[in-house]
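Colleague: First the structure, then my questions, so here it is.
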Amino acid sequence: MASEMNASPEYTGYRLEVFIAVFTPLTIIAVALRFYARSLTSKKIDSGDWLIIAALVGQIVAGGIAIGAVKQAGVGHHAAYLAETNPETLVAFFKYLVAMSTWYATTEGLAKLAVCILYKRLFPQRGIHMVINTTMLVLVGASVGGGLADLFGCTPFSAHWGTAEEQAAHCIDTEALFVWGSFPNIVTDVVLLVLPMPIVWGLHASVRLRLVLVLTFLFGSIFGELIGGDSGLITSVLRFIAFYNKSSFIDPTFHAVELIIWTVCEPGVYLIAACLLVYRPLLEKIGIPLVGGVSSRGGNRQEPTELAFQKPSRPRNGAVIKSIGSGSISESGFEYIGDDDQRPLRRQGGITATTNVEVTWAAGSAV
């Protein structure tokens, strides 16, 4: 069978093989560097790290399915050629199509869930948490719904690899599912991109620091794989365009090369982007500090190791801060301003108490 298939004109399956051979090691290296960066700090493995591991397993399995589709299911050859030389290969192709589409739907959101968990740790504001939780629900719902639709979209199940007439009669509109299945990814990508920007830019910090932080989140959200390819948002859009412009069922084995590349690339880019966001300790170890230090209003400078955007902590037992800078003041006439109320508290005597919330750096730890 291999010799017959290799004789096909315009064979393009090798492109998919080369892509998998290059891209899969990149994801493995990215995850390995993430955990090495974590080992440089006192941080323990958390739920976000386990999601990254699961996403990497999903990426490796997807690469295996893609290679199997090339070797056993005729991907890269024209369907007409396969119909003449080896019709059974087309049946194998549609079986691989079910496996690939179901696996993609159920695993592509894992790395983005890890990013959501990271954002929840960085941004403690209640409103931000509501947006993040909603985004996570959308991701989980899209994964479960998409996976079930891909897997059980045909009744009987064997209609998945039946003739075109059988698929039309017994299956949902699978092509529309493939096209619009990426749309929730685009929406959640935009949310994760926009979410940190107002908070970061509103910090009482230098313009340089704010620019560095904005670029950090920007690289993780849009240019997450700047050194190796496209970005999470860009790959979602390009995958959507590819599926929209190229029918999955017109010369499917030939068009599958490009479509599978985007299907493997998209979650892999999310995975690399999620890893890039926590490389700060690694970059500092090799002499590439992202920020030289942060100066607070009190004049203290600390080397940043973990970025957090925290609410002011409530003093215990109603205690109040009795000193500002090097001087001291009486606690008379001052009250604690709640986390959700940042308005100045005006008391008798013309005293105004305000709280400035700035970047907090936790020494000896990393995101």
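Backbone N, Cα and C define each Cβ position, glycine as well.
So Swiss-Prot says this about it:
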TRANSMEM  16-36  transmembrane segment
TRANSMEM  50-70  transmembrane segment
TRANSMEM  90-110  transmembrane segment
CARBOHYD  Asn133  N-linked glycosylation site
TRANSMEM  137-157  transmembrane segment
TRANSMEM  183-203  transmembrane segment
TRANSMEM  211-231  transmembrane segment
CARBOHYD  Asn245  N-linked glycosylation site
TRANSMEM  259-279  transmembrane segment
Colleague: Would the transmembrane segment (259-279) and the transmembrane segment (90-110) count as touching if the test is at least 3 Cβ pairs under 8 Å, pairs 6 or more apart?
Modeller: yes
Colleague: Out of 16-36, 50-70, 137-157, 183-203, what stretch is closest in contact terms to the transmembrane segment (90-110), meaning most Cβ pairs under 8 angstroms?
Modeller: 50-70
Colleague: For Asn133 (N-linked glycosylation site), write down the residues of its own chain that are at least 6 apart in sequence and whose Cβ falls under 8 Å from its Cβ; none is a fine answer.
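Modeller: Sequence-distant Cβ neighbours: none.
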Colleague: Which listed stretch (16-36, 50-70, 183-203) has the most C-beta pairs under 8 A with the transmembrane segment (137-157)?
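Modeller: So the stretch in question is 183-203.
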Colleague: Indicate whether Asn133 (N-linked glycosylation site) is helix, strand or coil by DSSP.
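Modeller: Its secondary structure by DSSP: helix.
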Colleague: With Cβ-Cβ distances below 8 Å as the criterion, list the same-chain residues six or more beyond the ends of the transmembrane segment (50-70) that contact it, or say none.
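Modeller: For the transmembrane segment (50-70), the nonlocal Cβ contacts are 13, 16-17, 20, 23-24, 27-28, 31, 34, 76, 93, 96-97, 99-100, 103-104, 107-108, 110-111, 113-114, 117, 256, 260, 263-264, 267-268, 270-271, 274-275.
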